[in-house]
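Undergrad: The structure under discussion is supplied below as structure tokens; questions concerning it will follow.
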Amino acid sequence: MSSYSGLEVEQVALEAARDGWDSKVEYFLAQVGFSVGLGNVWRFPYLCHQNGGGAFILLYVLLMGLVGVPLFFLELAAGQSIRQGSIGVWRHISPKLVGIGYTSCVVCFFVALYYNVIIGWSIFYLGSSFQYPLPWENCPTEGNDTVKECAASSPTAYFWYRKALDITDSIDETGEFNPIITGCLLAAWVIVGLAMYKGIKSTGKVMYFSSVFPYVVLLCFLIRGVTLDGASEGIKFMFYPRLEIWADVQVWRQAATQVFFALGLGFGSVIAYSSYNPRNNNCHRDAFTVSGVNFMTSVLATLVVFAVLGFRAKTIATECVKRSVKMICECLILKHIIMPEVPYMYIFQKRYDVYLYVCVCYSNVKAGVEGTGLAFIAFTEAMTLFPGSPFWSALFFLMLLNLGLSTMFGTMAGILTPLTDTFKTLRNHKLLFTACSCVVGFLIGLTFTQRCGNYFVTMFDDYSATLPLIIVVIFQTISVAWVYGADRFLEDLKRMLDRPVPVVYKYLWKYVCPAAMLGLLGASLLKMILERPTYTAWNREKASKENLPYPDWALAVLSALIIVAFLPVPIGYIHFLLLERLGQSPADAEAGYVPCATTDIDLTPLGTLPPSGDDPNSFPPLLHENHGSRLQNGHIEHFESSNEL
């Protein structure tokens, strides 16, 4: 009994030395801030619009419950139990799988590169909002004539493509750097660096504003939006269920992908944040709470978007009708007063052209808008119709800025936490490592501030993360459910949480989640193989968007992104086999899951740390003398047997 008490005291002392959240509120806001991002505002509403409205929401909820919440709970539980970043977690599950953690870090780095560019765009629009009238409200003029490109498109589209991005006609035309966007990107990285320089101690404080403020803005926009003429039509169009879309495989793929990215699965950020929790935190409840908040935020954002876009649609349609009536009247005057000899067929043809014009207006309104097209063109255009438009514009882009930053903080945690947990040199120079990471991110991010940079943002967004993350989640689910064992994992969680975990998770982790993720992987691969990847370009002469196929060199780049991101998984496995063959790797007959009490490295002697990448044989003294029994029975089971003695 005394032996166990001494071990328990040492374990508590080790855990106390690791950084932790100052309060549960900070942790909750951090998890919500990471999972609730720009995709909730500009991706989810588009998917609902394009895929059956209310029917898509029902499908999304189904997949969230069967796949999203179980996988989210798995990551929360693994991080909280092992108290390490993603690299340390999967090394403790099985040293063969350490590459999973490194792949998560690589993907986080790719995402951070382009995500901060989007934050830079938000900073640019936020700064431009303090003008009246807004600079994208009217077309500029050259002499006495309106700029042709703007007249042929719209003021908001012209401002986005020509003033903000000064975009080229294709990805092949590189062009010079955009100095304004480069400055905004620098500002974005400075903000991220300042928020991350003390780890979760500084990030947690920032989350009180960056995670809460977007909800204040969304509620303000909802209250304002529902009072607008046409808002009800927009909301009805949004939620009208079209259940026939459930027969479309691509709709299932899109819903599963949205669930996947909405919760931030595979990034390692969920694991990193939960690793700073006390061991008895109820992560099962957290999984449902954060997932529920995430879903409700998506619905709230959808209500706001379609209320505002419904108002925009009705306003545009009304203007179309006014112009059409005017054209018909002109035709009648032309016939009866000025040119009575003109045949009636001419008038009918004119009327046909007018009605066709109205139909074109309506079709443009009904066309789905997502991503930057929603945030920087459609929604921006709608806000120019608001009284006091600069105020609403500043509010909107400040919301986008905070949504992006809160997700960016989690993404950076997915890089910094596992690497500082693994490598002593980085542990001892956390501040320098954080600063260097931001500098490197800015320098590589200059690729996205070229005139063709928007096309590279699209490439990274579409291909650098999706496939590698799906593969990561498949591997981590199989490693827990099959390699380590779902029953053992549930038993560990029962002891950690001091309450039983529903046995349904065993079947979800072993069968439902892997099957769903394999299906998603197959559908994504088929889409890439059967359809040549394309991107949306802006044609300056036509003043319109067009879909262009990626050139061969761009296909090589996006293929390299996928390969580089996934490469750590096989490299980690091969590295383990080589060490094992040389007799330098611990036996791994069973997965040696070690819910160790790692500490904040700056405060802990090196000898008390868990196995590091530099020495796979090293074990903390707490576990070293019982290493053999741990491999046979599991660390927690050994403690329990000691207690019985």
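Here the Cβ of each residue, glycine as well, is placed from N, Cα and C on the backbone.
These came from TrEMBL, pasted as-is:
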BINDING   Gly33, Val36, Asn40, Asn294, Leu403  Na(+) binding site
TRANSMEM  55-78  transmembrane segment
TRANSMEM  99-126  transmembrane segment
TRANSMEM  180-200  transmembrane segment
TRANSMEM  212-231  transmembrane segment
TRANSMEM  251-276  transmembrane segment
TRANSMEM  288-309  transmembrane segment
TRANSMEM  391-419  transmembrane segment
TRANSMEM  431-449  transmembrane segment
TRANSMEM  469-486  transmembrane segment
TRANSMEM  507-530  transmembrane segment
TRANSMEM  553-578  transmembrane segment
REGION    605-626  region 'Disordered'
Undergrad: Taking only same-chain residues 6+ apart in sequence, whose CB is under 8 Å from that of Val36 (Na(+) binding site), what do you get?
TA: Ser211, Pro214, Val293, Asn294, Thr297, Leu403, Ser406, Thr407
Undergrad: Could you tally the C-beta atoms, other than its own, that fall within 10 angstroms of the C-beta of Gly33 (Na(+) binding site)?
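TA: For Gly33 (Na(+) binding site), the 10 Å Cβ neighbour count is 26.
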Undergrad: For the recorded Na(+) site, enumerate neighbouring residues of the same chain (Cβ within 8 Å of the Cβ centroid of Gly33, Val36, Asn40, Asn294, Leu403, site residues themselves excluded), in sequence order.
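TA: Going along the sequence, the neighbours appear as Val32, Phe34, Ser35, Gly37, Ser211, Pro214, Thr297, Ser406, Thr407.
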Undergrad: Rank 212-231, 251-276, 288-309, 391-419, 431-449 by Cβ pairs under 8 Å to the transmembrane segment (99-126) and hand me the top one.
TA: 391-419
Undergrad: Most Cβ neighbours within 10 Å: which of the binding-site residues Asn40, Asn294, Leu403 is it?
TA: Leu403
Undergrad: Taking residues 6+ outside the transmembrane segment (212-231), which of them lie with a CB under 8 Å of any CB in it?
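TA: 29, 36, 297, 300-301, 303-304, 307-308, 310-315, 386, 392, 395-396, 398-399, 402-403, 406.
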Undergrad: List, by number or range, the same-chain residues at least 6 past the transmembrane segment (507-530) whose CB is under 8 A from its CB atoms?
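TA: Sequence-distant neighbours of the transmembrane segment (507-530): 63, 66-67, 70-71, 74, 249-250, 252-253, 256-257, 260, 466-467, 470-471, 473-474, 477-478, 480-482, 486, 489.
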Undergrad: Report the listed stretch (55-78, 251-276, 288-309, 391-419) having the maximum count of Cβ pairs within less than 8 Å of the transmembrane segment (469-486).
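TA: Between the candidates 55-78, 251-276, 288-309, 391-419, the best contact partner of the transmembrane segment (469-486) is 251-276.
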Undergrad: Below 8 Å between Cβ atoms, which of the listed ranges 55-78, 251-276, 288-309 makes the most pairs with the transmembrane segment (391-419)?
TA: 251-276
Undergrad: In the same chain, which residue numbers or ranges, 6 or more beyond the ends of the transmembrane segment (251-276), come under 8 angstroms Cβ to Cβ?
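TA: Distal contacts: 18-21, 27, 30-31, 34-35, 39-40, 43-44, 47, 51-52, 56, 59-60, 63-64, 67-68, 71-72, 75-80, 82-86, 89, 101, 104-105, 107-108, 111, 200, 245, 283, 286, 290-291, 294-295, 298, 407, 410-411, 413-414, 417-418, 421, 466, 468-470, 472-473, 476, 516, 519-520, 523-524, 527, 598.
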